[in-house]
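Only one structure is covered here, and it is reproduced in the block below.
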Amino acid sequence: MIGQLLDRRYRIEKKLGSNGLGQTYLAVDTHRPGEPKCIVKQLLLPRNQGKSIEIIELILKKKVEFLERLGKHNQIPQLLAFFQENKEFYLVEEFITGHSLVDEIGHGIPMPEDQLCKLLQEILEILIFVHGHGIVHRQVTAENLIRRSSDGKLVLINFGLVQDKDINTQLLKTYRESSENDSENIDSQLVLEFGQSQSTSSDIYGLGLIAIQALTGLQGKDLIQISDHQNPQNPILAWHDQVKARPQVVSMLDKMVHSNPEERYQSAPEVLAALKKLKVPPSKLQPGSIPVPPPPPPVAQLKGVARVAPRPIDLTQPENLAISSKMSGSKVRSLKMMMAVGLLIFICGWAGWLYKKNYTNQRIAELKSIAQERAASGDRQAAIQQFTQAISLKPTAESYYQRANAQLDLGNYQAAVEDYTAALAKDPNYVAAYFNRGLAYLKLNQFKAAVDDYTKAIENNSQDADAYYQRGLAYHRLKNYPAAIADYTQVIQLNPEDATAFTNRGLSYSAADNKQSAIADYTQAIRLNPNDAQAYYSRGRARFFLADYQGAMEDYTEALRITPDDADIYVNRCGAYLNLAQYDRAIADCTQAIQLNAEYPEAYSNRCLAYTNLQKYPEAINDCTQAIALEPNGAKAYTNRGMARAAANDFQGAIDDYTQAIRLAPNDAVAYGNRGTVYYDLNQYPEALLDYTQAIRLKEDYDLAYYKRGLIRVQLKDTAGAIADFQTAGKLCLDRGRTGCYHDAQYQINLLQQNKP
């Protein structure tokens, strides 16, 4: 799931949690500027749904309407989207940047009453809005309250889909009916969630626990222990001895967390009314300050009288075992005073440590929030600076990962790799870090390392189509085409409508010389996406290779309809027109490519060939010379200029060009064949024979080389050898459907046989 693109928009980055009803992920919205974060919830429905799937969908959509109305409140996340993909339902919610209330309470530091009342009032006002829409949250905890960085307000998160009583009743009925023949289809937790009471008192109970934790400073686990060890005969939680608070406050909180729901406050407005009746004196502490015990009163000292240092006490002497009876009253007071001062120093140090820890956590949360805002606005460099500060305070996997993402967006691929590696050192199971480090490795052309990272991601989630896709890219660059084809096939099995996967598998098939399979994949990609220029272009190249020049030209034309400013496509269509003997059109296409890219050597070289066929030799030679100037090591331009020079009767110039082409490309059969033709025209038959023989050795199906060598053998009086060459040439021409050259070969054979002695 990590790295997967849902609804072709939301890219999953991290799993946040799960329960019997679904899974929650952190994602980014790739369609919005800066790719802001969002929350994606995957809803897990029973496997054997049958006809009930339509009913479930209607009920869910009804529930979504409730959530959309709730999202209009400033302190409730906005619902961004609801969609179905591969028979799974997904919710997308606004991501709230900030820190949870857990960071503010339960760290051994009691919250003053006035601050507690402000906290309660803010949360109660949210609950009044929620309950007013007929919704019960049922998970009101400190973890689900986020202090928003932008304005410091609390936001209530993690609204599920099963808190509305009427809808839940229908949904539970539907679930039971859909699985009446398969009792294992309904998870026990699912039934529990649907069947629980929807009383608003459950939210009030949760808020009461938050208030007690804040007032006492107890950690969550300690509060749970108190709740677990509650005396069944006493419905009141045993927390009173943990705090000094006024009876009115204690009484109100006791009623909020009463074990009997009927004895609790029955509505949020009722609690708010009770809260307002309390007259809470304002705290002398500033918000966020750490309360410490008051210092002891100053010790009185007589003016001009020096304080005497206490003598060391020898505990081995009997008289020193009864200090209270032997020491004077002033010494006893002095010892007590020293003990008090020592205790004060210890308490201050302990409080300072707690303050520093709390401050550090808050500072880290603040830095991360600022960094995320900078990244969302496009200022990646500023985001990196903020994440760097957060890492200096506390190096966490999340901070390294976020900084790596910013580095990746800036193109700092090596720095991104280092940060992803640091994140994985902190958390080896951070799957998103493997995926994104693989992206950085691809950019660095470290394809083997990319394969290793995507393999790790796939080991964690065998259904991760994006990981297979990226690994396929890496395998292709490693020229491991069978492995690339296997990965793209896996992507297609997971998502049969992924046109890009078909296109890329076609490229791997083509690289593996399986042009027919490549064409089939390109065709399927075009069916799925008729505006896929890459698919048309790639199919055109495959057809060109198979000598289907008309089909290639048509595909290039479609590609240009979609991307009319692509110089590569113009050059390739120019090549198709050359083979179709449409030289004027070839010149027009290559000229257009040169206008788009004045330094395109292939465009000049192909136009050179077109001019040669139109017998415009000076223009041809000029174009090929320009191609050579742009690419001095390009053998093709030398070959083409050699053809133009030979046609212009500059035979020595042609031989020089072909010889240079052979030096640059020793396995170029065409260059040998062309030089052999010049030698033949110059009546230098031994040299021509050697060149044609080498051309045939390099290209066994070179029909023209066989035909030309046959002509040379006729001149050398090697009739048997000539007939054998003409027969081979004729067969090769016939196999390719080239009837003209076949008839030429047959004519030469008949002529030789008629003239046999």
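Positions of Cβ are set from backbone N, Cα and C atoms, glycine also.
The model shown is predicted, which means the values in this text are computed figures rather than measured ones.
In TrEMBL this protein carries:
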DOMAIN    10-278  domain 'Protein kinase'
REPEAT    397-430  repeat 'TPR'
REPEAT    431-464  repeat 'TPR'
REPEAT    465-498  repeat 'TPR'
REPEAT    499-532  repeat 'TPR'
REPEAT    533-566  repeat 'TPR'
REPEAT    601-634  repeat 'TPR'
REPEAT    635-668  repeat 'TPR'
REPEAT    669-702  repeat 'TPR'
TRANSMEM  335-355  transmembrane segment
Checklist entry - Hey, which bits of the same chain come close to the repeat 'TPR' (533-566), Cβ under 8 Å, at least six residues off its ends? => result 499, 502-503, 506-507, 510, 515, 518-519, 522-523, 525-526, 572-573, 575-577, 579-580, 596, 736
Item to check | For the repeat 'TPR' (635-668), residues assigned helix / strand / coil by DSSP | outcome: 27 helix, 0 strand, 7 coil
Checklist outcome for this item: Rounded mean pLDDT within the repeat 'TPR' (465-498) lands at 95
Next on the checklist: Within the repeat 'TPR' (499-532), count helix residues (DSSP H, G, I), strand residues (E, B) and coil residues, in that order.
Outcome noted: 27 helix, 0 strand, 7 coil
Next on the checklist: Based on DSSP, tally up the residues of the repeat 'TPR' (431-464) by helix, strand and coil.
Outcome noted: 27 helix, 0 strand, 7 coil
Next on the checklist: Give the nonlocal contacts of the repeat 'TPR' (669-702) in its own chain as ranges (CB under 8 Å, at least six residues past its ends).
Outcome noted: 635, 638-639, 642-643, 646, 651, 654-655, 658-659, 661-662, 708-709, 711-713, 715-716, 732
